[in-house]
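Colleague: Provided herewith is a single structure, encoded as structure tokens, for subsequent inquiry.
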């Protein structure tokens, strides 16, 4: 593979698909800025003091318009703008999904870590944990190499993606056998925003393998509730309407799972005039569903009467072939939970004689040969709000990304203080509250101020945090 | 102008843009059929008795997928399938919007009336009243010509569209000076589904000029409430999300007008998590808004605090330039009422130095040169659910079009009975109820049956109609 | 019977249960005034011009706190305050329900018509139509008497109430054989607010028997929609909670009938967190229910799974004994429609061995001897919002009663103009709108003003009315 | 004070106000049982194995109908029915609020601990923590007495209630100087359901003073969310309607605080048709409110435009005199948060010339002498759902009390195992889920079963618990 780094006229390195799109991108960025008040308020509040003065930030994030606003916020706060270039380069990941995907993706991830002789990065902003993974695997390989002279062997794994990671590290060893080791010494910390990435960090912590402090922003209230509940309440109907134009009112909708995502989906369909039935394994969530007027039944009991099925569980094997075989003609089946294995796509694809008709991209009708009835599957079973709509709206991403900014500021501010050890921390409550506060002005909301007297009465600091860690909101 | 009629292999005349799109069209028709239970139930219930045996039906309708399902329903009920061809030809109207629009549109409308030597049509299905207008103007011109020898002069009017109508009639007079007169003798009646078309019919009736019976299906409950209330409740958020991706939750939305369209829009935004403010001139509708928890204020009072503005009034000059000048940066302004004059597009377009940036088709940002703030106008001020989304969903159109089918059956059944004079009738209540009944099965709804004893107690027929004409639903 | 009229110190006649309650009554009246902005705005707007100067108004209304505010509004507008005394005397009707009810009730009704030598009344405010009935029967009897000398014979009817009416008229004939004839000559008109009273008026009109103009305020939008929809949306949960303390969330509620009352009840239970199932005979209302996400099924299909049953139909025999026999233990059964025959109380009361336990007044548990399960019937099958709560809130009554005031002003203003013949009229649309307008200020709502230019564009007067008669709101 | 213990015919001790009310109480208990499925399911599931065989349970709970169902559930599970008697005696606490309240209350609490020579109790069910407090103070005093011979001196404190506690202990010391010490040796644990009681337990734990294990059921999801959110969503409108009959639709409601109680109250008023404004100090809760369409403003900004004010904060000094002075005439002011100090009752009561008019018990109008406007204060500023309605419905209490039962079973089952040390524990997640599960059947809800394969995939046990401790629901 020979991917060449390009340079802007000012000498900044990058690799994107088509630089001629930059003007249109700028237009979209300007629109997004208005909808991302948390980031813009951060610029206004923290910009003057330049908290990232001297900091080199990198990371591996899905490159979207909203991500661009995040990057420009970090640079506005003083971060070395190589950071921006680094992530801009990562936009290669976008087109990488078509074609040499994984190769290109990891090439970008690795390039983003290369700060040349000045050394870097200092901080990592992660979304999925791949940059962190690469460094940890790199350090492991370098230690092994130092001890035994052994280099990583891509053939040692069946996992196609991990083969690429090992190849990158192996090739790096030849150039500099201490590259990742030096890097981890320098890194102040990482902030990570996905469930998957956070899970990996906790495993590293449990194994004593974590090389630098990590802040889990995925479990901030302003991330988890907003992303899952409000985000999906918005984007489920968006995806349904764009993909199928089906009227939601009058339909029977089944929402599999009543966690935050399921709560958002059930609310959205109820508000659209559908009758909603919930499936749940957890009695507490089931009881919550009942208290909101939703019927709670197993999928088996309702599979032949419903019109729209949505999986939100984060688990696998939720809607199986035998369910789909019993559905009404043109029932809509989609997933807004996690991977495409919430729906038995394999069973569907391999059913003898099944006929797939693509109505439009991301909207397929699968017809069974015996019954001649079909079902409509969105986004090939993958996340329908990403596949059929445009994912979460900017405002939701503003909540998530402001968590990243605040976490990065915290890590950098405390870099020498010893406050953060090589462990995983949730964002401190007062910073979670700060993220919310940064969004209120744009929405016209004004807070009430706690008086000293009141604060004493309830044993709280005047400036917060106002709730105990276990508070459920 | 030389538009040539083409013929299918079976000899049926047509004129469409691209016959190679037919397969994709068939696929979309099949999907729509499942969502149009009223039409499909009509086929099942009335098909065997072929109520349109021998009837020749024509009309001028917006050619959409849903219209195709209507046409095929009429033919399934026995109508001469020339009817279908006639309306298919009318699909020229679709591409006519780009280019020689009006000329082509009226050419199609006129062609659809030509049934050759066998004579026709017998019935008209109208959507806007243009076919009816053409016949009435034709008859008027033929009478004048017979009396005075005068032919219509297109130059006698400033109205570009009416000039075309007069030219068509003038040219027709040379071929057959009794064409429209013979036509009106034959026509059993028209059913009309738009506010505009119905208004024209009532004016003709008032002037004693109506040439055949007309059924106003626009004011059926199953048309007006469903189209306006439920249709817009669905398609407003659809249009907003497709055009702007803006999060509705947390925003302040202003709905101008609280009629059925406004009620649907206000409900949709409230359900999406917005705070909704209503403007109204009618104290009753205003009081209804207040009872639902909406603030009712004049636009002046809220123009600078709201994020999304929607006009639903059916009137003009609702959001004026001076309002737009005071709005927040990137406030969204759109119209789902009637014409683009609900919003002062002219004032906006001619403001000195205003800068228009097209973010994507149908989504423009207009920036004022002095304030550097801009507003986002959808669909150039025209109906945003048509411009930015796909209009009403099939289910809503099924309600409207089943009214057309039922009205056509009624007109044809009563053609010799004298039941309908040359007047405008609303669809009888029991047929309005029939339209609703034809939709219930698909939605899993089962009616309760009134007993004879109960019916006597409340002085109603067992089989309905169940409500007096003035009932408000 | 010897009921004696009493006199206040100022000489005003009255007959109430206990004059010592007057202070408490005044307190409640003052509270109600704040919640009856339509009446108070009427005083402010019309008071100065004293539109009832010289008018003598009487009527037969349920005597409640809200009625008192109505009466005092009429007097504030210049009506002879004997009017107030007349209706105050009628408050006897309240205690008449316990004991010699009907006798006392009609004695009061008759007394309220007696204005002594000065003659009267001029106008009638009716609620049920009894004053109007008495006059019409009186006139009929006097004509018969003049012609044949025959006096009415109470024994000629089985109807206990009508026997009393005939006796009153018979006794009156002895005193003055032209009493009611003179009265009807003087009466300018009646305004009537109940479905029952209006029905009777239309029958009189159909029979050519109506003796003076009548305004039907029952079918004003500001009466029917507000009383039925918003009134019941408020008072159904109020009644349920006071009677049973049962949690509405999580329950299955069945609403029989989806007219305005049913719409209010279904909305209230849905909002409380119940799952609502609707029963309907009318396909249009059924389709509306489905569009709001309610399941529509016959009672038979759900009788054994629901927790709360509400009848709202205005018909009889809705919930029968055989239904109640299949219900879950302690299912709640109630009626908010019209009479107690919506529920088969007779079947229940006469079921062999059934055991009635009064939990508290208006809340009874009826246990079947074989199954030992019981159901809880509210208000003995009568209107539960009256029986178990306090009926409609003052605000709703303000809407209804402002219709009365406005109708009375209209009748009196047009008394010599010939505008109103001896027919039944609905309140003109612009007055219906006036009623709404009189309520907006208190709620902080501000109307938008239609410009002359806009008014011309939509062919409406600037000052309204803004909707055609058939508009459905 | 000479309160005498009475005995039933079977020899069981008790002290209640009026034993003749027992039949009516039994009727109410039977009704409540149907609405308390968690307790009834507990009887069905655990009854056969008699988990409390030999256990002596006592406690100090508000004696309500629902508490009776709890007590009878404990006895049905094998607990010594002296337990029941003990708590029955405690019903004295109810009437104690009128008259010699505190004396009688603590006399009852102390009597409930007296199991005679057989010794006891084994377990404590607490609601406020008073039984636990008494024992801890008793032990402390006995230790001091043993060491120094000093007895507690009621005069040593200003707190009237604590004086009584000290007097009881002092008197007890004379009878048995080891009474509480022996008692604490025997006690297996306490379960506590209130915020106040739990706070005290955590303080004891922090001070190392806790004498036995404690389970905090207040923070179970099935307690906190259900009690606060669903309970108040039900009982706020209940209280408002019973106290004032004011129509909620069309009003402006202010909810101070948007925690779980505030969320329930805001939802209830929104659903009733009010426009709701929220005040908050916590930016996260504020942002949640905005996402639901509520305006968030400080009380100062809205105090003169709102109609209904509700405090839900758990803090003091929320609505002050200066706020009340600016309110609209007859604005309703109430508290559903914690103590009456959320509203500045003292400021109101002592305002010179203020006039209090009691409209009905628990509903007062306070009129200011200068403005002649008044406000309506409910329940004298105390919890309005208790004062003006009947508190939480049985179903909500079933959730809370099933937590108590499950916690008691857990404590007793583990009594020798060492699982619980002298610390405060929240109820383990799987038991919280158990509480929910015990309620689902009655509501017709059916759970989906997690397969072994799925459970492994998400690293959860098949039988739960299904969520991590920090999950927010």
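All residue numbers here begin at 1 and follow the chain in the order shown.
Cβ atoms are placed via backbone N, Cα and C, with glycine included.
Unlike curated records, TrEMBL annotations are generated automatically.
Relevant sequence annotations retrieved from TrEMBL are reproduced here:
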- B:64, B:127, B:193, B:223, B:227: substrate binding site (BINDING)
- B:194-196, B:259-264, B:280, B:336-338, B:385, B:392: NAD(+) binding site (BINDING)
- B:228-391: domain 'S-adenosyl-L-homocysteine hydrolase NAD binding' (DOMAIN)
Colleague: Which of the binding-site residues B:194, B:336, B:338, B:392 has its Cα nearest to the Cα of residue B:64 (substrate binding site)?
Modeller: B:392
Colleague: Round to the nearest Å and give the CA-to-CA distance linking residue B:196 (NAD(+) binding site) with residue B:127 (substrate binding site).
Modeller: 9
Colleague: Looking at Cβ-Cβ distances, which residues of the chain lie under 8 angstroms from residue B:338 (NAD(+) binding site) while being 6 or more apart from it?
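Modeller: Listed in sequence order: B:195, B:314, B:383.
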Colleague: Would you count the other C-beta atoms found within 10 angstroms of the C-beta of residue B:392 (NAD(+) binding site) for me?
Modeller: 26
Colleague: Counting only residues 6+ away in sequence within the same chain, which have a CB under 8 Å from the CB of residue B:260 (NAD(+) binding site)?
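Modeller: Looking at Cβ-Cβ distances below 8 Å from residue B:260 (NAD(+) binding site), excluding near sequence neighbours, one finds B:224, B:225, B:228, B:229, B:232.
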Colleague: Across all the protein chains here, work out how many other Cβ atoms are within 10 Å of the Cβ of residue B:193 (substrate binding site).
Modeller: 26
Colleague: Among the binding-site residues B:127, B:193, B:223, B:227, whose Cα is within 10 A of the Cα of residue B:392 (NAD(+) binding site)?
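Modeller: Taking B:127, B:193, B:223, B:227 one by one, the ones whose Cα falls within 10 Å of residue B:392 (NAD(+) binding site) are B:227.
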Colleague: Within 10 angstroms of the C-beta of residue B:127 (substrate binding site), what count of other C-beta atoms is obtained when all protein chains are considered?
Modeller: 22
Colleague: Between the Cα atoms of residue B:262 (NAD(+) binding site) and residue B:223 (substrate binding site), what distance do you get, rounded to the nearest Å?
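Modeller: Checking the Cα atoms of residue B:262 (NAD(+) binding site) and residue B:223 (substrate binding site) gives a distance of 16 Å.
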Colleague: B:64, B:194, B:196: which of these binding-site residues has the sparsest Cβ neighbourhood within 10 Å?
Modeller: B:196
Colleague: Among the binding-site residues B:262, B:264, whose Cβ has the fewest other Cβ atoms within 10 Å?
Modeller: B:264
Colleague: Looking at the binding-site residues B:194, B:264, B:336, which has the shortest Cα distance to residue B:223 (substrate binding site)?
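Modeller: Result: the closest of the binding-site residues to residue B:223 (substrate binding site) is B:194.
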Colleague: Measuring Cα to Cα, tell me the gap between residue B:336 (NAD(+) binding site) and residue B:127 (substrate binding site) in whole angstrom.
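Modeller: The Cα atom of residue B:336 (NAD(+) binding site) is 18 Å away from the Cα atom of residue B:127 (substrate binding site).
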Colleague: For the C-alpha pair, I'd like the distance in angstrom between residue B:264 (NAD(+) binding site) and residue B:193 (substrate binding site), rounded off.
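Modeller: Residue B:264 (NAD(+) binding site) to residue B:193 (substrate binding site), Cα-Cα distance: 20 Å.
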Colleague: Looking only at B:64, B:127, B:193, B:223, B:227, which the record lists for substrate, tell me the maximum pairwise CA distance in angstrom.
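Modeller: Maximum Cα-Cα distance: 18 Å.
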Colleague: Taking 10 A as the limit, how many CB atoms besides its own sit near the CB of residue B:227 (substrate binding site)?
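Modeller: The answer is 23 other Cβ atoms.
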Colleague: If you average the pLDDT over the domain 'S-adenosyl-L-homocysteine hydrolase NAD binding' (B:228-391), what number do you get?
Modeller: 97
Colleague: Would you mind pulling the DSSP three-state label for residue B:227 (substrate binding site)?
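Modeller: Going by the DSSP assignment, residue B:227 (substrate binding site) falls within a helical segment, counted as helix.
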Colleague: Hey, what's the Cβ neighbour count for residue B:336 (NAD(+) binding site) at 10 Å?
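Modeller: Excluding its own Cβ, the number within 10 Å is 30.
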Colleague: Quick check: in three-state DSSP terms, what is residue B:262 (NAD(+) binding site)?
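Modeller: Its secondary structure by DSSP: helix.
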Colleague: Is it possible to get the count of other C-beta atoms within 10 angstroms of the C-beta of residue B:223 (substrate binding site)?
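Modeller: Total other Cβ atoms inside 10 Å, all chains included: 24.
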